[in-house]
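Q: Under the heading active site, proton acceptor, Swiss-Prot lists Glu330, His331, citing sequence analysis as support. The NAD(+) binding site annotation in Swiss-Prot covers Tyr133, Gln194, Asn217. Per Swiss-Prot, substrate binding site is recorded for Ser240, Gln262, His265, His331, Asp364, Glu418, His423. Summarising the annotation, Swiss-Prot assigns Zn(2+) binding site to Gln262, His265, Asp364, His423 and lists sequence analysis as the type of evidence.
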Amino acid sequence: MISIKRLSSADTEFDKALSELLAFENTQDAKLEAAVADILAKIRTEGDKALLEYTLRFDRVDAKSAADLELPRNRLQQALHNLPGEQRNALEQAAERVRVYHEKQLTQSWSYVEPDGTHLGQKITPLDRAGLYVPGGKAAYPSSVLMNAIPAKVAGVGELVMVTPTPQGEVNDLVLAAAAICEVDRVFTIGGAQAVGALAYGTPTVPRVDKIVGPGNAYVATAKRHVFGVVGIDMLAGPSEILIICDGKTNPDWIAMDMFSQAEHDELAQAILLSPDLHFIETVAASIVRQLETMPRKEIIRTSLENRSALIQVHDLEEACEIANSIAPEHLELSVEQPEKWVEKIRHAGAIFLGRHTSEALGDYCAGPNHVLPTSRTARFSSPLGVYDFQKRSSIIQVSGQGSAKLGAIASILAQGEGLQAHAMSAEYRYTKKIALGKN
């Protein structure tokens, strides 16, 4: 059997119970923090030498030189060529859908000219180099390659460098095939905090990047947090989440399996169902019990559902949307009639899946939108990974002679009000000196 929390929004203690359910303290392990700091410091000072030492210690790969840790491009093509046709076709179709979607996100530089000839605008520039971390070994995450590499390529990033560990020399061909499809420029068989450090600081072999993206274990996540500021990072991700709003008319087995799809990630993942239909909630609960025993990862699912998940009865769909906005979930399914109507009421969610046939898993792999999403209620102020994460914006200001006089006078007054005399004089010189010299 399995015991999942049952809550009702009508209970006087509901807000407290919901807050306790959502609470996730991403505690920092002092030993882990110290270990990561030591690894990063050694990579920064010793470069390739430290990288080889850590690769031998953690991955048990005895490379003779750091250059041996880089895979040749033909190795990626070989992995793609050796894939079974069905797998290759699925990867290529998913990649194309992700590419088409992200091309819609491209923004262009823009400018305008004021009547006095002053030119103002914004220049869009892709990053010079980005780093992509991909878990390796038996854990195959080709979808992570697609979701992180394709937006970078669409943005026009100059060079994309991928790192992926190969424990005991075990190379994951699915990951390499995905890298080939995405035209990743360089691939290094390194992982852990040492790989993050190499990307952030650079070594004689591994080039320094401007931004690091991609998922990883606690060491990788901690290392990304440590190097943030030296380089950019995508986000600090918490456990996976799904919130399902259902009117009670969807097949309960579908809803139960959608909850499983997040719960199987890890024991801290969260799956919540909101429905005004109590009978439907009970039917979903029964489906969970019935289907759980068929799941290969049933113990992980069980722990997640028992400790961090809930079945919640709400007054109506209006209230369900209000609660959803409070939760700001990573994934939100609107399994209801007229989902287009209800999505207008949603303000905070990483990705919103509309209708009964739109399972969250489709978004994870091949629908097109990115699956790198804000977690832990950060969808209140954060967005999915996208092309814009690999672009920078620079302001363009070209003031005409006539504009200099007008703006200089304004700037001078404001600068003097702030007690910054040099600012004021810098603004004034552009037009007072012209007047004195009789120039236009």
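The backbone N, Cα and C atoms fix where each Cβ goes, and this holds for glycine too.
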Q: Give the maximum pairwise CA distance in Å, whole number, for the residues Ser240, Gln262, His265, His331, Asp364, Glu418, His423 listed as binding substrate.
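A: Maximum Cα-Cα distance: 55 Å.
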Q: Write out the long-range same-chain contacts of His423 (substrate binding site), meaning residues 6 or more apart in sequence whose Cβ is under 8 Å from its Cβ.
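A: When sequence neighbours closer than 6 are ignored, His423 (substrate binding site) has Ala411, Ala415 within Cβ distance under 8 Å.
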Q: Give the number of CB atoms, excluding that of Gln194 (NAD(+) binding site) itself, located within 10 Å of its CB.
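A: For Gln194 (NAD(+) binding site), the count of other Cβ atoms within 10 Å is 30.
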Q: Give me the Cα-Cα distance between His265 (substrate binding site) and Asn217 (NAD(+) binding site), rounded to a whole Å.
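A: Spelling it out, the Cα of His265 (substrate binding site) and the Cα of Asn217 (NAD(+) binding site) are 13 Å apart.
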Q: In the same chain, which residues outside the set Tyr133, Gln194, Asn217 have their CB within 8 A of the centroid of the CB atoms that define the NAD(+) site?
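A: Counting only non-site residues, the set is Val163, Pro165, Gly191, Gly192, Ala193, Ala195, Val196, Gly216, Tyr219, Val220, Ala223.
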Q: Any same-chain residues 6+ apart from Glu330 (active site, proton acceptor) with CB under 8 Å of its CB? Would you list them in sequence order, or say none?
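A: Once residues fewer than 6 apart are set aside, Glu330 (active site, proton acceptor) is near Ser240, Glu241, Ile242, Ala349, Gly350, Ala351, Leu373, Pro374, Thr375, Ala379.
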Q: Reported as an integer number of Å, what is the Cα distance between Tyr133 (NAD(+) binding site) and Glu418 (substrate binding site)?
A: 46
Q: Cβ-Cβ under 8 Å from Gln262 (substrate binding site), same chain, 6 or more residues apart: which ones?
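A: Ser240, Glu241, Ile242, Ala269, Gln270, Ala271, Ser304, His331, Glu360 - these are the non-local Cβ neighbours of Gln262 (substrate binding site), listed in sequence order.
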Q: Counting only other Cβ atoms and using a 10 Å cut-off, which of the recorded positions His265, His331 scores lowest?
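A: Output over recorded positions His265, His331: least Cβ neighbours within 10 Å is His265.
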Q: Sequence gap of 6 or more, Cβ distance under 8 Å: name the residues on the same chain that satisfy this around Asn217 (NAD(+) binding site), in order along the sequence.
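A: Non-local contacts for Asn217 (NAD(+) binding site): Pro135, Gly192.
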Q: Looking at Cβ-Cβ distances, which residues of the chain lie under 8 angstroms from Glu418 (substrate binding site) while being 6 or more apart from it?
A: none
Q: Going along the chain, which residues six or more apart from Asp364 (substrate binding site) have their CB under 8 A from its CB?
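A: Once residues fewer than 6 apart are set aside, Asp364 (substrate binding site) is near Ser143, Ser261, His371.
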Q: Which value in Å gives the longest Cα to Cα span across the NAD(+) site residues Tyr133, Gln194, Asn217 as recorded?
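A: Among the residues the record ties to NAD(+), max Cα distance equals 13 Å.
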Q: Can you tell me whether DSSP puts Gln194 (NAD(+) binding site) in helix, strand or coil?
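A: The residue in question, Gln194 (NAD(+) binding site), is helix (DSSP, three-state).
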